[in-house]
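Note sheet for the following structure.
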Amino acid sequence: MADEAESEQAAAAGGGVAQPPALSKSARKKLQKQERYAERKAARKAAEKERRRADVERRRREWDEALAAAPSDEARAEMVAARRETRRERVGRRTEERGARAERLRRAAEGAGQKVVLDLEFADLMRPNEIHSLTQQIMYCYAVNGRSASPAHLWLTGCSGEMATHLQRIPGYDKWIIEKAAKPYLEAFEDHKENLVYLTADAETVLDDLDMSKIYIIGGLVDRNRWKGITLKKAAEQGIQSAKLPIGNYLKMSSSQVLTVNQVFEIMLKFVETRDWKTAFFHVIPQRKRGQAEAGDDEAKVSLDDNDDADEGAANINLSEEDLKKLSDEVDDDDADEELEDEEADVSNKKQCVRRENEEAGDQSAAVAVATPAGLDATPQAEQAKESNNGVDD
């Protein structure tokens, strides 16, 4: 009764509106930490945007100065032609690289690759920012798989609802050379249940080698360790095998051996390539996690629990805009020739504009004026659009 009276008095003092309960000390600290991280992230994003803008302006200025310093109109025309040829070659290389990547992924899907499943059935256990984080990890998995000389046959199962919505927002996702299934892996592999192996740090069995006949499952879960042991429990209830990577055989741990989805996947790819677990671990595990192990050799202890550092962006793989752009370029299979066509159309438009200006001004040397700006970028926006497609000019 006394508590109710106090609540009524507090409500009355607040104009009849009940005040929200005060945050505990730990909750305030967590909130402050999140706010600091958000501020740092926003500052990094703004700095990166400004750096890229300045870089575009610098390249444009250097190009203008180089053209202006050319000894003759013929020399300027040669510079423009050389620049266009360089861009044409770059587009050609990108087209070849995309074709080779697509061919590797197709061979892997036809049976040459190790089958790896990303289990996406945990979306209902994750917060929106955690689902976003997992989406970026999946995007990274696909990109690194495409770069691998021996890519895996990658599956996404349980891909529905909010998880599917986030994935659909990835540029080029519909063209990914990957298996996508809304149904759970048990249904997708109902005739191969005996070959399913769930990879979980809580398993007792240590994985010594990768078996091409097995189908390895990685749990798609970013949870800040709220759901400890959930993947092992799921495997046990479903009656499928479970195993863990042999991290403890090569590194002494001070805490859990939980890794992010993309780290586990990349370790498996590296092991397929080298057949050496130690090489795979040291290639993939971040320097900050293995620095002590390298310095102190076998006596050092290293924590690989990236989810403990999720608030700092480590587990979440909070990629910068530039990182996402690079990954988008790798996973987007659109024809790269469109880039060159757009550039040539842009050059044609600029020629027409210059011609009209010269005609209006009555300039008798219109032909020279048209030849000179053919490779120029009339506006910073045009240059920026090109740079976003082409990357750094050679």
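Placed from the backbone N, Cα and C atoms, the Cβ positions cover glycine too.
Fair warning: this is a prediction, and the values are worked out from it, not measured in the lab.
Some features that TrEMBL has for this protein:
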type     : residues : note
REGION   : 1-60     : region 'Disordered'
COMPBIAS : 8-22     : compositional bias 'Low complexity'
COMPBIAS : 32-60    : compositional bias 'Basic and acidic residues'
REGION   : 83-106   : region 'Disordered'
DOMAIN   : 101-292  : domain 'SAM-dependent MTase TRM10-type'
REGION   : 288-313  : region 'Disordered'
REGION   : 325-394  : region 'Disordered'
COMPBIAS : 330-346  : compositional bias 'Acidic residues'
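Note on the domain 'SAM-dependent MTase TRM10-type' (101-292): its mean pLDDT in the predicted model is 91. Break the region 'Disordered' (83-106) down by DSSP state and the numbers are 24 helix, 0 strand, 0 coil.
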